[in-house]
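Database features, via TrEMBL:
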ACT_SITE  D349  active site, proton acceptor
BINDING   K25, S26, R30, S195, S196, Q197, S223, D349, K376  3-phosphoshikimate binding site
BINDING   K25, G101, R129, Q197, R380, R425, K452  phosphoenolpyruvate binding site
BINDING   G479, P480, S481, A482, S483, G484, K485, G486, T487  ATP binding site
DOMAIN    16-459  domain 'Enolpyruvate transferase'
DOMAIN    476-685  domain 'Cytidylate kinase'
Amino acid sequence: MSKPLFLDIPPLLAANGTVHLPGSKSISNRVLLLAGLCSGSTTLHGVLDSDDTRVMLAALERIGCEVVRQGTTARITGIGGRLPVQAVQQEPIELFLGNAGTAMRPLTAALAMLQGRFLMTGVPRMYERPIGDLVDGLRQLGCDVEYAGTEGYPPLRIGPRALPTANANANANANAASTLFAQHSSLVRVRGDVSSQFLTALLMAAPLAGHTITFEIDGELISKPYIAITLNLLQRFGVTVQRDSDTGWKQFTVEAGAMYQSPGELHIEADASSASYFIALGAIASDPAQGHSITVQGVGADSIQGDIRFIEAAEAMGASVSSTPDSITIQRGQWPLRAIDLDCNHIPDAAMTLAVMALYADGTTTLRNIASWRVKETDRIAAMARELRKLGASVEEGDDYIRVTPPASAADWRHASIHTYDDHRMAMCLSLAAFNPASRSVRIEDPACVGKTFPHYFDAYFGVCQADPAHVPVLCVDGPSASGKGTLSTHLAKTLGYHLLDSGALYRIVGLAARRTGLLQDEGEPDAEAIARLAASLSIRFADGCVWLDGEDISDAIRTEQGGMDASTVSAMPAVRTALVQLQHSFRKAPGLIADGRDMGTVIFPDATLKVFLTASAEKRAQRRYNQLISKGFAARIDDLRADLQARDARDTSRAVAPLQPAQDALPLDNSDMDVKTSVQLVLDWWQDRQPFPAPEAHG
Ligand SMILES: Nc1ncnc2c1ncn2[C@@H]1O[C@H](COP(=O)(O)OP(=O)(O)OP(=O)(O)O)[C@@H](O)[C@H]1O
Ligand SMILES: Nc1ccn([C@H]2C[C@H](O)[C@@H](COP(=O)(O)O)O2)c(=O)n1
């Protein structure tokens, strides 16, 4: 199945718990490149695993670095400031960099300083993000960078940098050329008011020039904290950047002889911009009166990231925050939040979160000096204004500011389907709108876009959010054995981003445990009360697609036909059914639940949003089960399987408690002649019909 089209977030009530954040994107991509330019190996711990770092790693491998990844640790063996011979060739090497500005800009600068040929490409939005000022800066250094599409924008074609000898194009002559170059110095003028990434890129590449370079900033340098990260990390890789004595932000000099030196090992702190969503979450929904708080691990008071100053802005809006060197704890302080008027130039990315916090403020919030929003993953000022209006807010936007007035009253909040513009930050910060006082659910379109920096964002978010169970939507799939409930339910859960309850597995586990302990035997009447006590005491865990009982993976053990019959036997015991009710209810958590079984719609979740009763002819079901077993290498006889299915159906249907039968309000679905894809789509259409949002449009 393709990427989920949307994620519906039910109304949320409160937030409490601890979140472990992924590594910083800004630091990860900088240190990956620096490690790639060094000699020798550098081991980086806590590397962000996301779209943007993946394109950087792939590019490093293509230019000749050795990359070994294990979890969040990466060992990079760098090229030592010089391309390996195989990378110096006539045909350009294409490097696809997606929509990763933190890869496109610094890689362009570094590669342009070297002696190879490259074609720097990306997604269509990347071709709308200006890069002309960086290219101008590189050309001042003798770099050969051409626009392969529109002037001023990627894609870019890079050729060997001109060196001051007659035949300096060859890598072999680079030593002689750089000796000559060391006697030179360059003054490069760089615009500072569009993106600080241009200066970052030039500074990181400067040691490759082989001579002294002074960068002079034209205009006011924006996003200075990002330059501070660059300077800090360059220092850790042995490169000192000298700064002007006036403000420190007008002139930067990298001396000839500066050379990258691997620090050997480096730990990357968690992403401060990603922390902003959880800082805001704490401020909005962690009520100290209920003993609630949100703790963010991995980034804190010692952070080198500029976005850590989001804390000050959140405090200005009323958050109560305390920090350790590597953690932040947040609770609700003033409520409603306080409206603010803030220059956000120092926290451009995290400031988007303030725009959503503004929905919960006591007046109009103005965020200023955010012109850079317009050239990010999308035009974030326009996008934010449009989406906040959908929720019921009044929004004024200017070239470099946004002004947000919350909905006048609870009744003015709207159900909104939030378009995310392939922008991870739009998806993450707008998820906070689900705490609205009108208990409106919020649809986040294309939720997978968070993969750019925080692939497991929604797991982390729902892991600390609480909802009234009555508000958590449930979709029940009941029906006889082998009708395809599990298959359908798994696809639905994946597509809707919901939790999955395989209630049959619970009865199978009880059956297995009862047989293992001798409480269930082929002969004699089993002691139902003893089996119910056993059921209540079991330590069951569903994780990583497996079923665990007391630490043992029993996924296969419960799937035998004997397991099915034992499950059917214990499931007919009223005491066993009662013992499992609470456990089944505990699966009902935000954002929603797909419940697969026999009595999901009739007994366990009678208030479910949608109930499907799935059937298929006994013949088809036996055939499917047969195929299933044979494909797993088990011996099977179709006649036996049909007989077992019919015996199980008879027992499940005729038992006194919670028999297998359609709920009165269930929609029947006979999939005897329907493939999986069609039945999944049909149920999704039924589901969509019951949502307050318009049907989504497919996206690429
Ligand atoms: N619509 C369908 N068309 C064809 N095959 C299907 C369809 N739905 C499911 N199947 C196949 O039928 C087999 C049984 O499906 P599944 O395990 O999902 O059934 P089930 O109802 O959950 O069974 P049980 O109640 O025993 O757990 C699987 O191999 C599955 O791939
Ligand atoms: N809600 C449920 C789910 C399952 N059972 C029983 C009936 C089945 O024969 C047995 C195994 O279920 P399966 O894994 O095949 O779906 O468990 C039930 O009574 N109520």
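Placement of Cβ uses the backbone N, Cα and C atoms for every residue, glycine included.
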Which binding-site residues among G101, R129, S196, R380, S483, K485 have CB under 6 Å of ligand 1?
S483, K485
Once G479, P480, S481, A482, S483, G484, K485, G486, T487 are set aside, which residues in the chain still have Cβ within 8 Å of the Cβ centroid of the ATP site?
L488, L614, A616, R621
Measuring Cα to Cα, tell me the gap between R380 (phosphoenolpyruvate binding site) and R30 (3-phosphoshikimate binding site) in whole angstrom.
24
Site diameter for phosphoenolpyruvate, Å, by largest Cα distance between K25, G101, R129, Q197, R380, R425, K452:
19
I'd like to know which of the binding-site residues R30, R129, R425, K485 has the most other Cβ atoms within 10 Å of its Cβ.
R425
Where the C-beta lies under 6 angstroms from ligand 2, the matching binding-site residues among G101, Q197, K452, S481:
S481
Considering Cα atoms only, can you say which of R30, G101, Q197, D349, R425 is the nearest neighbour of G479 (ATP binding site) among these recorded positions?
R425
Using a Cβ-Cβ cut-off under 8 angstroms and a sequence gap of six or more, which residues of the chain neighbour G101 (phosphoenolpyruvate binding site)?
M126, R129, S195, Q197, K376
Sorted by position, what residues of the same chain at least six away from S483 (ATP binding site) have a C-beta under 8 A from it?
L614, T615, A616, R621, N671
Taking Cα atoms as reference points, rank the recorded positions D349, K452, S481 by distance from S196 (3-phosphoshikimate binding site) and give the first.
D349
Pop the mean pLDDT for the domain 'Cytidylate kinase' (476-685) in here, whole number is fine.
94
